[in-house]
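Q: So Swiss-Prot lists these for the protein:
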BINDING   19-26, 81-85, 136-139  GTP binding site
BINDING   Thr26  Mg(2+) binding site
DOMAIN    10-206  domain 'tr-type G'
REGION    19-26  region 'G1'
REGION    60-64  region 'G2'
REGION    81-84  region 'G3'
REGION    136-139  region 'G4'
Amino acid sequence: MAKEKFERTKPHVNVGTIGHVDHGKTTLTAAITTILSKKFGGAAKKYDEIDSSPEEKARGITINTAHVEYETASRHYAHVDCPGHADYVKNMITGAAQMDGAILVVSSADGPMPQTREHILLARQVGVPYIIVYMNKADMVDDAELLELVEMEVRELLSKYDFPGDDTPIIVGSALKALEGDQSDIGEPSIIKLAEALDTYIPEPERAIDKPFLMPVEDVFSISGRGTVVTGRVERGVIKVGEEIEIVGITPTVKTTCTGVEMFRKLLDQGQAGDNVGVLLRGTKREEVQRGQVLAKPGSIKPHTKFSAEIYVLSKDEGGRHTPFFNGYRPQFYFRTTDVTGSIELPAGTEMVMPGDNVSIKVSLIQPIAMDEGLRFAIREGGRTVGAGVVAKIEE
C-alpha cells in the first residue's frame with residue numbers, strides 16, 4: 001500500500017504522550033486519532049495498532065515507539081507513544097523523537113504516581129519545552145473535590161520541576177468514553193478541548209533553517225590554489241558566500257570567511273539546513289580545522305568542557321557493559337562527529353550505575369566542544385556505544 005502524500009501546507013509540530021504505566025496514554029492516543037480524523041480527516045488508529053509498535057534504533061539503542069499523525073484545523077501533528085517505561089526513558093534521552101510539547105496523562109482515580117514524576121523530571125532535563133495535562137479516567141471518579149485535589153497535585157508537581165504549573169492547561173476527560181463516542185463533557189468534547197490546547201499552548205516551533213548557522217566538521221582537505229574545504233551536513237541555518245563564520249571547539253575559536261559553497265561538485269551561493277556541502281574557507285590552513293569542531297555563525301555557540309547531563313546506560317542485552325561503573329569513570333563522549341574523553345561525577349548518594357539505569361551526572365571533558373543545552377551524545381568505550389545522553393545544563 002503506497003503511503004499517502006505528506007501535505008506540507010500546515011505547520012508541523014512534534015508531540016507525544018508521557019505519564020505513568022496504565023494511566024491511559026495509548027487509549028488517549030487512539031482517541032485523539034479517532035476523533036480528529038472524523039473532524040479533520042486523516043487515519044484513525046485503534047489501541048492494538050498503536051500498542052504493537054515496531055522496534056527502531058536510535059544511536060545504537062533499540063526503542064519501541066508508535067508514531068501516529070493527526071491534524072487540527074491549523075496544524076499537522078506527529079505524535080509518539082511508547083509502550084514501556086524504559087522506552088520512554090530511552091526515547092527522551094536519545095531524542096529519537098524530539099518533542100515540541102508533551103501530553104502528560106494522569107489517571108484521575110490514582111493521581112500522580114512515581115513515573116508521572118519521573119517523566120516530568122525527564123521532560124525538564126531533556127528540554128521538552130511545554131506540557132499539557134490530560135486527566136484521564138474521570139468517569140471513575142464521582143467526587144468533584146477529588147478531581148480538584150488531583151489537579152492541584154499535578155500543578156504542584158509541574159511547578160516543582162520548573163514548568164508553569166499554575167498556567168498549564170489541564171483537560172479532564174475519559175479517553176475510553178471518548179472512543180465509545182460519548183458526547184458528555186468528559187467524552188469526545190474533552191478530546192476536542194485537548195486539540196485546542198495543543199494548537200494554542202504549544203507555539204509553532206522555529207524551523208531549523210531559521211536558526212543560526214551551524215555545521216559539524218566531518219572532513220577537511222586542501223585544494224591547491226583554492227584553499228581549505230570543510231565538508232559536512234548543515235545542521236541549522238544558512239551559510240552564504242562572503243559571510244564570516246567561526247570555527248568552534250577543541251582549539252581556541254577562530255574567525256574565517258566562507259569564500260565558496262559546493263554541493264555535488266557544483267558551486268552554490270548558499271548552503272542550508274539539511275544540505276551536504278563543502279565550505280571553502282579563506283586563509284585557513286588545513287591543520288587548523290578538524291573533525292569534532294563546528295562551523296557556526298559568530299557568537300552563536302560557545303565551546304564548553306563542564307556540563308550536567310541525563311544519561312541512559314545500555315543494558316548487557318543491548319550490547320552495553322556487563323558491570324556497573326563508579327564515580328570518576330572515564331569513557332569517551334561522542335558529540336556530532338568525534339569522541340572526546342571525559343570523567344563522570346555521580347550525584348551524592350549514588351555509589352554506582354548499573355547497565356540499564358538512567359542517571360543525572362556531571363561531566364568534565366578534556367577538550368572543549370561546541371555545545372548548547374539539549375545537545376545529544378553517545379557514551380563509548382573503545383568505539384562501542386555503552387550509553388546515550390543529553391546536555392541538561394552547561395556549567396562552564
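Cβ atoms here come from the backbone N, Cα and C positions, even for glycine.
Owing to the predicted nature of the structure, the values given are computational and were not obtained by experimental measurement.
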Q: With DSSP as the yardstick, break the region 'G1' (19-26) down into helix, strand and coil residue counts.
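A: Here the numbers are 2 helix, 1 strand, 5 coil.
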Q: If we skip the immediate neighbours and take only residues 6+ beyond the ends of the region 'G2' (60-64), which ones have a Cβ under 8 Å from one of its Cβ atoms?
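A: Residues packing against the region 'G2' (60-64) from afar: 53-54, 82-84, 87, 90-91, 94, 96, 312, 314, 318-319, 378, 385, 388.
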Q: For the region 'G3' (81-84), could you work out the same-chain residues 6 or more beyond its ends whose Cβ comes under 8 Å from its Cβ atoms?
A: 16-17, 21, 25-26, 29, 50-51, 53, 63-66, 68, 91
Q: Across all the protein chains here, work out how many other Cβ atoms are within 10 Å of the Cβ of Gly19 (GTP binding site).
A: 26
Q: Taking a Cβ cut-off under 8 Å, which residues six or more beyond the ends of the region 'G1' (19-26) line up next to it in the same chain?
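A: Tertiary neighbours of the region 'G1' (19-26) are 47, 50-51, 66, 81, 83-85, 104-107, 110, 112-116, 119, 136-137, 175-176.
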Q: By Cβ distance under 8 Å, which residues at least 6 away from the ends of the region 'G4' (136-139) in the same chain are close to it?
A: 23-24, 27-28, 105-109, 147, 172-177, 186, 190
Q: In the predicted model, what is the mean pLDDT computed over the region 'G3' (81-84)?
A: 84
Q: Once the DSSP letters are reduced so that anything not helix or strand counts as coil, what is Cys82 (GTP binding site)?
A: coil
Q: Other than its own, how many Cβ atoms are within 10 Å of the Cβ belonging to His85 (GTP binding site)?
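A: I get 14 for this one.
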Q: Count the residues of the region 'G2' (60-64) that DSSP assigns to helix (H, G, I), to strand (E, B) and to coil, and report the three numbers in that order.
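A: Once the DSSP states are binned, the region 'G2' (60-64) shows 0 helix, 4 strand, 1 coil.
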Q: State the count of C-beta atoms found within 10 angstroms of the C-beta of Lys25 (GTP binding site), not counting that atom itself.
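A: For Lys25 (GTP binding site), the 10 Å Cβ neighbour count is 26.
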Q: Restricting to the same chain and to sequence separations of six or more, state which residues have a Cβ under 8 Å from that of Ala138 (GTP binding site).
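A: Sequence-distant Cβ neighbours: Ser108, Leu147, Val172, Gly173, Ser174, Ile186, Ser190.
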Q: Just how many other Cβ atoms lie inside 10 Å of the Cβ on the residue listed as 'Mg(2+) binding site'?
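A: I count 23 other Cβ atoms within 10 Å of it.
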Q: Summarise the region 'G4' (136-139) as counts of helix, strand and coil residues per DSSP.
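A: Grouping H, G, I as helix and E, B as strand yields 2 helix, 1 strand, 1 coil.
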Q: With the residue listed as 'Mg(2+) binding site' as the reference Cα, tell me which of the binding-site residues Gly19, Cys82, His85 is the closest one.
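A: That would be Cys82, the closest of Gly19, Cys82, His85 to the residue listed as 'Mg(2+) binding site'.
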